[in-house]
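> Following this message is one structure expressed as structure tokens.
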Amino acid sequence: MEQQRKEATERLLSTQGHDNLFYSEENDGVGVGDGGLVAVSNFTSILGLSIFMAACITFGFGCAIGYSSPTQSSIMEDLGLSVAEFSLFGSILSIGSLIGAAISGKITDLFGRKLTMWILNLFYIGGWLAIAFTKAPWLLNLGRISLGFTNGISGYLATIYIAEITTKNVRGRFTTILQLMVGWGASFMYVVGSFVHWRTLALLATIPGLLQVLLIFFIPESPRWLAKVGREKELEAALLCLRGDKADISDEAIEIKNHVESLKSSSRGGIVDIFQKKYVRPLLTVVGMMVLTNLGGINAFAYYSGAIFVSAGISSMVGLITLAATQTVVGILGTTIIDKLGRRPLLLVSSAGLCFSSFLTGVSFFLKDFNWWDQGSPILAFIGLLMYMGSYALGGGLPWLLVSELFPINVKGSAGSICNFMGNSTGWVVGYYFNLLTEWSSAGIFFTFSAFFCANFILIATMVPETKGRTLEEIQASITPSSD
């Protein structure tokens with residue numbers, strides 16, 4: 001089909017006298033020859049607006065994750081919280097995420113992608129306002145759990161929305177932008193939180209939510225969700241909106257419709273579909289990656305990076321600002337290379353970096369505990385933390401891209417809920433017990449994180465397929481053949 005499409009496009013251009021134009025496979029559209037610039041025909045202003053909308057969601061996700069790190073000491077002082085009480089505040093985000101994760105697939109399938117965005121935005125803005133104006137710990141925790149509920153759904157929602165509205169040759173790039181925005185949201189909290197009061201910081205964090213209120217009126221629903229619920233005219237209208245009024249969307253629309261129809265014959269209805277034999281391998285693979293990543297301490301690093309810097313003998317402000325810059329640079333790098341190198345190489349490099357950086361951080365605390373190399377151990381901790389967050393920015397969010405790519409529309413909601421719930425369960429355990437475990441052995445907990453990422457590297461190397469350069473329908477047909 002691709003070759004026929006290419007030949008037809010080139011014949012059309014030739015007959016119309018456009019000798020300097022050619023079919024650009026890399027950009028999935030028409031390009032300008034004779035040394036000219038390639039023009040991406042598929043990127044429209046509405047597609048850009050939709051991507052920006054999803055970016056606002058994940059920026060808010062990052063704000064919620066990064067908030068507790070620069071505000072720990074000031075919140076504890078102003079509200080009179082103990083270490084255990086602040087640990088509850090830090091980790092209760094994951095409790096809210098568990099609730100959201102449990103219904104994430106169901107709610108996005110039931111209400112659609114756009115209406116779910118509306119619902120989440122109410123919880124997002126309300127959560128930050130509760131934190132900003134709280135006078136008691138219970139309201140502080142209520143606001144935090146509301147943000148957790150939002151995060152439990154939004155990480156899944158934003159990724160599948162972008163994957164379902166973009167073309168195959170840019171899908172990885174634009175979904176990786178979402179992970180970059182999570183890093184930017186956390187970095188925004190780290191940097192700005194070093195200079196403003198924690199209540200002001202909470203009010204500033206409402207900005208992504210307010211932007212979403214304006215943007216959501218102008219973005220289309222996911223074409224694949226529309227196909228699933230039988231709204232075929234709206235499916236074609238959404239595709240034209242995303243690809244441009246003059247774009248030929250017939251092949252894409254037919255491929256989506258045919259794929260959805262083929263799934264109905266094997267669908268049994270409800271969550272039981274995901275437990276069919278053909279989905280076992282991809283489900284175990286993605287769940288395994290999410291569980292091991294969370295057991296590897298990402299929530300601990302995100303929630304308490306400021307405290308970790310201080311414990312290692314490094315200025316919290318200097319550490320957090322440098323951390324923000326590192327995440328930005330590495331995140332942009334990942335965005336530019338994912339559709340060229342593929343998912344597997346980035347996942348392997350990211351996991352190896354997380355394994356080594358956790359080990360390096362553990363070594364620094366081991367030296368500090370025994371008063372060996374007092375001048376060098378803070379440097380090792382500093383390098384370890386920067387490498388850890390940089391490695392996560394490179395490929396830590398890619399398991400969510402795989403959820404959107406590997407599972408067809410009839411089981412994507414169930415798969416997303418299971419993966420989300422399992423990841424957030426382990427994330428809560430690590431986030432809550434991290435402060436207590438560091439009192440047991442700071443070095444030991446980081447060595448444990450390193451071991452989990454070593455296991456994650458082995459899982460990726462042996463189980464994760466490459467998905468770049470193929471449509472969602474092509475990927476799902478090859479990974480989950482129709483026969484049980």
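A Cβ is built for glycine as well, from the same backbone N, Cα and C atoms used for every other residue.
Below, the features straight out of TrEMBL:
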type	residues	note
DOMAIN	50-468	domain 'Major facilitator superfamily (MFS) profile'
TRANSMEM	46-67	transmembrane segment
TRANSMEM	79-103	transmembrane segment
TRANSMEM	115-133	transmembrane segment
TRANSMEM	145-162	transmembrane segment
TRANSMEM	174-192	transmembrane segment
TRANSMEM	198-219	transmembrane segment
TRANSMEM	283-302	transmembrane segment
TRANSMEM	308-334	transmembrane segment
TRANSMEM	346-367	transmembrane segment
TRANSMEM	379-403	transmembrane segment
TRANSMEM	415-434	transmembrane segment
TRANSMEM	440-461	transmembrane segment
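How buried are these features, and what lies next to them?
The predicted model assigns the domain 'Major facilitator superfamily (MFS) profile' (50-468) a mean pLDDT of 86.
Tertiary proximity for the transmembrane segment (46-67) is limited to same-chain residues at least six positions away from its ends with a CB under 8 Å from its CB atoms, namely 93, 117, 120, 124, 127, 131, 147-148, 150-151, 154-155, 157-158, 161-162, 165-166, 174, 177-179, 181-190, 193, 201-202, 205, 208-209, 211-212, 215-216, 218-220, 241-243, 299, 302-303.
Remote same-chain residues near the transmembrane segment (145-162) are listed as 50-51, 54-55, 57-58, 60-61, 64-65, 92-105, 107-108, 113, 116-117, 120, 123-124, 126-128, 130-131, 171, 174-175, 178, 182, 222, 397, 400-401, 403-404, 412, 416, 419-420, 424 (criterion: CB distance under 8 Å, separation of at least six residues from the stretch ends).
Beyond the ends of the transmembrane segment (198-219), by six or more residues, the same chain brings 46, 49-50, 52-53, 56-57, 59-60, 63-64, 67, 70-71, 74-75, 78, 114, 117-118, 121, 124-125, 128-129, 131-133, 143, 185, 189, 192 to within a C-beta distance below 8 angstroms of the stretch.
Non-local neighbours of the transmembrane segment (346-367) in the same chain are 289, 293, 296-297, 308, 311-312, 334, 337-338, 373, 376-381, 383-388, 390-392, 394-396, 398, 442-447, 449-450, 453-454, 456-457, 460-461, 464; each lies 6+ residues outside the stretch with a CB under 8 Å from one of its CB atoms.
Residues 87-88, 90-91, 93-95, 97-98, 100-106, 108, 152-153, 155-156, 160, 271, 274, 279, 282-283, 286-287, 290-291, 293-295, 297-300, 303-304, 399, 403, 406-407, 445 of the same chain sit 6 or more residues outside the transmembrane segment (415-434) yet have a Cβ under 8 Å from a Cβ within it.
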> Do any residues of this chain, six or more beyond the ends of the transmembrane segment (379-403), have a C-beta under 8 angstroms from a C-beta of it, and if so which?
155-156, 159-160, 163, 171-172, 175-176, 178-180, 182-183, 282, 285-286, 289-290, 293, 298, 301, 305, 308-309, 312-314, 319, 322-323, 326-327, 329-331, 333-334, 338, 343, 346-347, 349-354, 356-365, 367-368, 412, 415-416, 419, 446, 464, 467
> Under a criterion of three or more Cβ pairs within a distance under 8 Å and sequence separation of at least 6, are the transmembrane segment (308-334) and the transmembrane segment (174-192) in contact?
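Taking Cβ pairs at least 6 residues apart, the transmembrane segment (174-192) and the transmembrane segment (308-334) are in contact, with 3 or more under 8 Å.
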